[in-house]
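According to TrEMBL:
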DOMAIN    476-551  domain 'Ig-like'
DOMAIN    556-639  domain 'Ig-like'
DOMAIN    646-729  domain 'Ig-like'
DOMAIN    741-828  domain 'Ig-like'
DOMAIN    833-920  domain 'Ig-like'
DOMAIN    925-961  domain 'Ig-like'
DOMAIN    994-1087  domain 'Ig-like'
DOMAIN    1092-1172  domain 'Ig-like'
Amino acid sequence: PPQRGARSAGGAGVQWVPRVMDGASRILEHSLSRGSRVIANYALVPFHDPDIGPVTLTSDPAVFQRELRELYVQGGGDCPEMSLGAIKAAVEVANPGSFIYVFSDARDYHKKDEVLQLLQLKQSQVVFVLTGDCGDRTHPGYLAYEEIAASSSGQVFHLDKQQVTEVLKWVESAIQASKVHLLSTDHEEGGEHTWKIPFDPSLKEVTISLSGLGAFAGRILQRDDGLNVLLSIPDSAKVVAFKPEHPGLWSIKVYSSGRHSVRITGISNIDFRAGFSTQPSLDLNHTIEWPLQGVPISLVINSTGLRVPGRLDSVELSHSSGSGRSLLTLPTQPLSNGSTHQLWGGPPFHSPQERFYLKVKGKDHEGNPLLRVSGVSYRGVTPGAPLVSMPPRIHGYLHQPLQISCSVHSALPFRLQLRRDGARLGEERRFRDSGNSSWEIPRASKAEEGTYECTAVSRAGTGRARTRIVVTDPPPQLVPVPNVTVSPGETAILSCLVLSEAPYNLTWVRDWRVLSASTGRVTQLADLSLEIKNTTPSDGGRYQCMASNSNGVTRASVWLLVREAPQRFSQGMEVRVHCSASGYPAPRISWSREGRALQEDIRVDAQGTLIIQGVAPEDAGSYSCQAANEIGRDEETVTLYYTDTPSVSAVNGVVLAAEGEEAVLACVATGVPPPRVIWYRGDLEMILASEDSISGMLRIPVVRERDAGIYTCRAVNELGDATAEIRLEVGHGAIRLGDPPTLGDDVTVELGRSALLACRATGRPPPTITWRRGDDQPLGPGLGSRTGWPDSGVLFFESVVPEDQAPYVCEAENVFGKVQAEAYLLVTGHVPPQIASSAPTVRVLERQPPVSLPCIVLAGRPRPERRWLKAGVPLPPGSRHSVRADGSLHLDQVLLEDAGRYSCVVSNTAGSHHRDVQLVVQVPPRIQPTATHRITNEGVPASLPCVASGVPTPTITWTKETNALASGDPHYNVSKDGTLVIPCPCILPPTAKPRILVNGSHEAEKPLRVTAKAGDEVTLDCEAQGSPPPLVTWTKDSRPMLPITDRHHLLLPGSLRLAQAQVSDSGLYECTASNPAGSATQYYILRVQVPPQVQPGPRVLKVLVGEAVDLNCVAEGSPEPRVTWSKDGVALRGEGPDGSVHFAAIQTSHAGTYRCEASSSAGVDAWELDLRVLEPPHWGADETSGLLERIAGENASLPCPARGEPGPWVGWAGEKTHPHSRALGRSLWAVPMGMEGCGVPTIPPSMKPPSGTQWVPARVASSGFGPRWPECLLCTWTVFSWRGGVWVFGGQVAAYGKTGRS
């Protein structure tokens, strides 16, 4: 049931406000004392002119009572108050289905329409308790109260301030979680009214509430026992309740002397909720709470508490006035959405103009009439334009996905489009109702920044929303790091790996508090890691590192686990951890490891001891022992530590140190627990600081030559020790450089000759000499020491090039330092480039043989670099141009767009030179094809276009019948674009009437018949002759045909070609050739045929003997094919209609292979069917009398004439009694006894069924034994029955086949 509850109170009333406070306290106590939570939250909305609030919304009853008791009276006596504004605030914060009670002595009518629409949405009830009406009950404010109460199934109660307590007692009992509405009516005049209302058994209590002017009384006819008066205020209100003991149709009569309202409610778990939708819907969440005006709407009813086979039959839209007349009745039917008997729907309808209630009628699961009425009245709402919303600003990050979201609220279907600067983005999307949509940019960049607009268009209008996208660098990224586990007293280092190219800040947070850089045991190190010294169990928990910069903040969590009660073990041993627990009932003990189940190789014995055999280092960790029984649970945790013997190794076996500087000797020691490192020189132990014994490092601050020698590091822990040796050598820090004359001077060398630069240095250890260029350019691949000199440091140039001119630096370095010297290499002998002369213009024909543009270099030192330009722009890579070894530019096939100015540019360090070549591409003349026939009237000027192209521009001349037209002929004129203009065309006398040749002969008098198959190509000949040449036109079925279509093409001089003929091409074709001398006509009748095609059916059909069977054969084709049947190669006569074969009662003789064949002049098609007739098992003729007598010792043969198709399996069983120890009622048991074949019947030898037998119960039918046999094709069953306290064998034999049994 919905959890609901809200109140608004206010106005001037010093006397009754304390009573409201006390009554509210009782209501809270009463609702809290119930088993189910009726009230989910509490809302208090005080109001006084001109203020509303503050609004209190809480689920804590104590907070609500405290706020209520702090109310005080301010002002008063001015009648107009902000009561409707307070009601609106209460409805907005309250849950759907709430009870809203208004205590006031004033009236107000502002925001009435908003409140009515909100009540439709929230389905809440408003009751007014008025201690005054300002003396005018015709005031719009008072009428607004009545309209709100009538629309929400609430009422208006008038009473004195002394009667507030009585009303609150009624409110205390009226708040029910399962309240349903049965009647809601308002009457403007007094009188007697009677209603007949069906009460179903689910109604536990019925309440009748009356309010209005004048004295009235109510009584229940025929069922007046158990009437309980809940509220009785003379001349104002009366509320009575009773519990109907008998379901059925009840009559309720009410008397009133004046204007009044009646509400009838009940307590029941059967109710409904309604939703409206412009489209059929199977989900109530996709509907709205109010109908739309002017458009077809569908109604969805969600019924609750209705059990199968209960149903809803109809929904009636009844007028909300006192008459309650029916406006519309809609039938209902269940909706298939997987929730049986919950969702019901009706046909689309248009909402009435009047306000109406929904009256749902049906029957419950026992067939009793069912009636429920909506809690609020409805009125159609005019749909508005879509409401579109987008965040004002969307922040994206570079190279990361960016999502643009748009939310639309609309009661009508709408179209949605995203735009940027007016341009559409993506396809238009369509929605049935409100929804969200998003567009994703896979990799955001600065180019995506800007303003985006989301536009939704419906029949009601257009809605828009805009957002601005800003793309910045992403905030720092944090890489997840593993959790840290330490023992008490150890130091823990928590680290966060930050990925960010921009500067960032890193802070640590625990329990939502920022940890300072140094707080005693907790310190942030230089690398921003967090160090926690001397850890205690309280240090364990979650720590957060926050990396932030101007682009945002990123958080990551690191867990610190502090072990407790450690236990140590070595690899390979067996570990036992005992766990004992006490309690009643005796607790159950279980183990887990760090919150996860134990692995398979770890077991727990019956006493709860954890046993780990062959323990390995990965078994270390925290293990928890849990003890639990029905009362509670307890847990203890133990930590296992792995221990290992120490090992030690030298970081460097030989350490070289400069005299006078610090020498550091380092050893890496491992072991569990971590070992202590002791240093020795020879046999003498060296005294070190405690931190050095842990780090494994020996430092000699100022090393001397006498300190050289062998040093030993020894690692020791509780399991043993290990040693390693390091040799210390002391060197000299001074480096003596030689002074060859080349260093520090410029070296001049001619281009192409060899050169060398020498550099010598000494030191201990001997230094390494390297060369590099002073301009930070890399050294060439061929540079280096190539001579046979014994020492390195010589830089040799085999053939100097201009690029070798640069400063060169020699560096000599050993472990103690580095020195350098510099020399400059100067290259001479440069020659600027020169290109040989060539033709300035090259002319070629388009698409003719290849062409090469020469570019021969005559001089240049160093070798110049060559490149080609076209119109001053470098040729793009991958084009059709190629540069050959001699430097010429080659084109395999010249196109018109290749024409232009080409430049060959050669350059080296001494200068550059270029030469231009003009490439002219000539194109032969081409005439663009136009219409071959032109018709004009005599005397009307005619223009015959001649569109020609070519390079250079071609000259156009015209001829008539092989005779060239003279340029000065006054009858003709040729324009600049080549068009022939005939100023005054005249008709020449015809010389020959048209005639048509078909296949070389004259036209036929009768239409020629042409037959073709679908898909073939067809040509209809029509060779027209005449003078002047006639114009040929075609018609099909008297309709003109276009000269060229997708499948029709007119050939010269007039034939018609049809590609891929279709059935629709069949018809009468007419070819007409005409000129001024007359016309000629040829007719064709084309018939396009489609070969027959039989619709295939099953290959095998199995039917039972005696059934009616139809074999249908469906064939298609043009012309319509003839269908025939045959069986086993023999034709059948007298087939059924439409090519079917009918068997009224099929027999086994009808089995065989049937063939359906469809034939026509276009071809033949067939389909074959194997018909198999199945026959259930039955008995053949019995050759014996049922009694067979034989002398003892003789053979006896018992016949079993079982028949059937396919052949049945046959089994035998004998007769035998079988005692049983208990009565099983009138049940029949079948026991599988033997296997396939006929043999000696097998009877269980003892009282108990033999091993492996299956007992299957079956009820005894009225006509005898009628078990439901289990599926069994290869076994026989023996039948027993319970008679006189023993099991008696019935002597029945069961024979089974695939189609039945007997």
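Backbone N, Cα and C define each Cβ position, glycine as well.
Under 8 Å from some Cβ of the domain 'Ig-like' (925-961) lie the Cβ atoms of residues 846, 896, 899, 972, 974, 977-987, 1031, all in the same chain and six or more residues away from its ends.
Helix, strand and coil counts from DSSP across the domain 'Ig-like' (646-729) read 9 helix, 51 strand, 24 coil.
Restricting the average to the domain 'Ig-like' (646-729) gives a pLDDT of 86. Secondary structure counts, DSSP: the domain 'Ig-like' (994-1087) has 3 helix, 55 strand, 36 coil.
Break the domain 'Ig-like' (476-551) down by DSSP state and the numbers are 3 helix, 38 strand, 35 coil.
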